[in-house]
Amino acid sequence: MQERKALHTLLAKHQEDLPPRRMKDSYLEVILPLGSQPEIREKYLNVHNSVRFGRILEDLDSLGVLICYTHTKQEMQPKSPLSIVTALVDKINLCKKIIYPDCDIKFTGNVSWVGKTSMEVTMHMLQLHDGDYSPVLDATFVMVARDPENKRPAFVNPLIPESPEEEEIFKQGELNKLRRIEFSTASLLKMAPTAEERNIVHDIFLHTLDTKTVSFRSRKLPPNSVWMEDAKLKGLQICHPQERNIFNRIFGGFLMRKAFELGWATACSYGGSRPFIVSVDDIMFQKPVEIGSLLLLSAQVSYTEKNYIQIRVHSEVYDANTREHHTTNIFHFTFISENEVPRVVPNTYGESMLYLDGKRHFDAVMKEI
């Protein structure tokens, strides 16, 4: 970090001082040779003889950062003065249930939209079958540039679309930003539920009333249902130096992998059969995780519909010296189970808000895919 302090002089004072870039300037292709180099397979293999999706999340995070460094690279600078970090995972949508452990994987991606200090990265993952690469997933990440010590925002090169197709992609990046602001503004932590959502909550309340007692407090679980309180799992990670990034903080991909694995285990125990990931969305990195932190993960089934299970994972760090808890991330995962799953039922007002939030995320995913 002492070395990085000296890089402050290389930062641009205004975005206009930086040369514009094209989308193809940041385009990268990376091969993960699972087929041609069997020795690396072990790290990616899961018990079902397919690829661990948590490892793919780590690779996407690393690739997203690399693409942004490629976009902002200055020819005359041997070292970049920028600290590029993941701000959020906007969405990852999968079109394949199974990723094979013995076929090469290709990642492609480029910067698709740029603000003043932030960059949207669009990535695709394909897998080799019978000589052709077929799509597996599409991902959109948002990265932010900060100064060499990762303390303040820093300007990044503007992006110039070169064709009508690229202008459409750039416009979509702008729309994605507006959609995120809209979603955040309407958050149930800030605004009351809509009239339709209030009806949903009241219907659940009426269906769980014990008709024998005719009391507001007496609640009864409907058939083929599970109380939300009984649909959660918790985990703890000690954040060792092995998982650090170049800024001496815990690597965001590691946090995503751990949250995904707990989310998967929750969906598995809830549905009673193997779940498959359908979508990841709206992962916000609110606070960096320091080395040595105790990372507490809490996974909750927030919404169910037919075979689908919506999982929310909350992660927080516990500081043993101050005895304080700080939220670092909220993760949202959509799984599909092999069989129809029981309905999750909220009991309290807080759980009802969690349920509605889960429904909002699920509906957004279904609309997207």
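Cβ atoms here come from the backbone N, Cα and C positions, even for glycine.
Noted in TrEMBL for the protein shown:
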type   : residues : note
DOMAIN : 26-149   : domain 'HotDog ACOT-type'
DOMAIN : 229-341  : domain 'HotDog ACOT-type'
Model confidence over the domain 'HotDog ACOT-type' (229-341) (mean pLDDT, whole number): 91
Composition by DSSP (helix, strand, coil) of residues within the domain 'HotDog ACOT-type' (229-341): 25 helix, 60 strand, 28 coil
Summary of DSSP states over the domain 'HotDog ACOT-type' (26-149), given as helix, strand and coil counts: 27 helix, 56 strand, 41 coil
